[in-house]
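Structure, as structure tokens:
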Amino acid sequence: MSALDNRLFAKMNGIGNEIVVVDLRDQPAPVTPDDARAVAAHVPYDQLMLLQPARLPGTEAFVRIYNNDGSESGACGNGMRCVARQLFAGSDQQGLTFETRAGLLNCWRGPAEGLFTVDMGAPKFGWQDIPLAEEFRDTRGIELQIGPIDAPILHTPSVVSMGNPHAIFWVDDIHAYDLGQFGPLLENHPIFPERANITLAHIVDRQHITMRTWERGAGLTRACGSAACATAVAAARLRRTDRIVEMTLPGGKLTIEWREGDDHVLMTGGAELEFEGRFDPALFVGACDTTAA
């Protein structure tokens with residue numbers, strides 16, 4: 001028996017990032033990695049957002065995030081906007097606070113109808129915090145490359161943690177590289193002991209970046225909110241952009257602000273409800289991993 005048997009779910013997307021949201025606040029039973037994989041086989045998604053009972057005063061829920069391969073993620077900005085949209089519906093609330101593995105995240109209604117803003121917290125740049133397998137004093141560009149030493153195909157990525165590890169390769173054309181080929185190699189490179197999200201990014205001007213991402217545990221994605229945050233921050237660290245930028249991803253646009261003062265990263269974008277349904281218990285027959293979520 002699974003905690004997801006007969007549970008209602010919402011299939012959503014955050015500018016193309018495929019999200020499934022399940023409210024389990026009334027049922028604190030464990031959900032397993034096998035359950036998460038079973039859901040992905042039935043309702044394809046990039047991230048599964050599980051709302052579990054709040055553990056801290058002042059929070060709406062503890063949000064556990066699964067990738068479609070059954071691994072867990074500490075943060076998913078697009079998913080949090082989808083969660084916020086669901087909970088704001090039919091409510092006059094202006095803001096919500098959630099707990100995740102990466103810490104507390106605040107969400108509020110955006111500047112226009114259908115937009116939502118998530119405070120993703122402050123980025124981390126220390127090699128131990130990302131984490132990396134060896135010491136790098138300057139994470140604005142680390143020694144890592146794909147291809148021949150004298151003619152690398154991709155090289156010298158910036159690395160950032162937004163609650164999960166990100167590597168950003170700066171390129172002139174984000175479509176000139178087979179990210180489906182290089183993505184899994186770089187995601188699983190030994191330098192990243194917890195694997196990494198891999199992004200190709202092109203700086204158009206000081207207020208605009210285009211990007212594509214191979215998402216850790218999910219693969220090629222039309223949008224990755226935490227990658228957009230990491231990329232915007234990395235570009236600003238290099239002094240190549242301002243601290244407020246428009247990010248163009250395959251699935252749409254996000255506005256990212258790396259706020260002065262507290263260094264928190266604010267992400268604003270849309271969230272759409274595609275359909276709602278109920279899980280058939282037959283999906284979880286054989287999902288026998290008993291690791292509690």
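Cβ atoms are placed via backbone N, Cα and C, with glycine included.
Annotation for ASN197 (substrate binding site): same-chain Cβ neighbours under 8 Å, separated by at least 6 residues, are ASN164, PRO165, HIS166, ALA167, GLU187, THR213, TRP214, GLU215, ARG216, CYS224, SER226, ALA227, ALA230. According to Swiss-Prot, the feature substrate binding site maps to ASN17, GLN47, ASN67, GLY77, ASN78, ASN164, ASN197, GLU215, ARG216, GLY225, SER226, an assignment based on sequence analysis.
According to Swiss-Prot, the feature active site, proton donor maps to CYS76, an assignment based on sequence analysis. Taken residue by residue with DSSP, CYS76 (active site, proton donor) is part of neither helix nor strand, so it is coil.
In the three-state DSSP reading, CYS224 (active site, proton acceptor) counts as coil. Sequence annotations record features per position, and here Swiss-Prot assigns active site, proton acceptor to CYS224.
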Can you tell me how spread out the substrate site is, meaning the largest CA to CA distance among ASN17, GLN47, ASN67, GLY77, ASN78, ASN164, ASN197, GLU215, ARG216, GLY225, SER226, in Å?
17
Give the sequence-ordered set of same-chain residues, not counting ASN17, GLN47, ASN67, GLY77, ASN78, ASN164, ASN197, GLU215, ARG216, GLY225, SER226, with Cβ within 8 Å of the centre of the Cβ atoms defining the substrate site.
ASP46, SER73, ALA75, CYS76, GLY79, THR213, ALA218, THR221, CYS224, ALA227
Name, in the order they occur in the sequence, the residues of the same chain whose CB lies under 8 A from the CB of ASN78 (substrate binding site) and which sit 6 or more residues away.
ASN13, GLY14, ILE15, ASN17, ILE19, GLN47, ALA223, CYS224, GLY225, GLY269, ALA271
Expressed to the nearest Å, what is the distance separating ASN67 (substrate binding site) and CYS76 (active site, proton donor) at their Cα atoms?
10
List, in sequence order, the same-chain residues at least six positions removed whose CB sits under 8 Å from that of CYS76 (active site, proton donor)?
ASN17, ILE19, GLN47, MET49, ILE65, GLY225, SER226
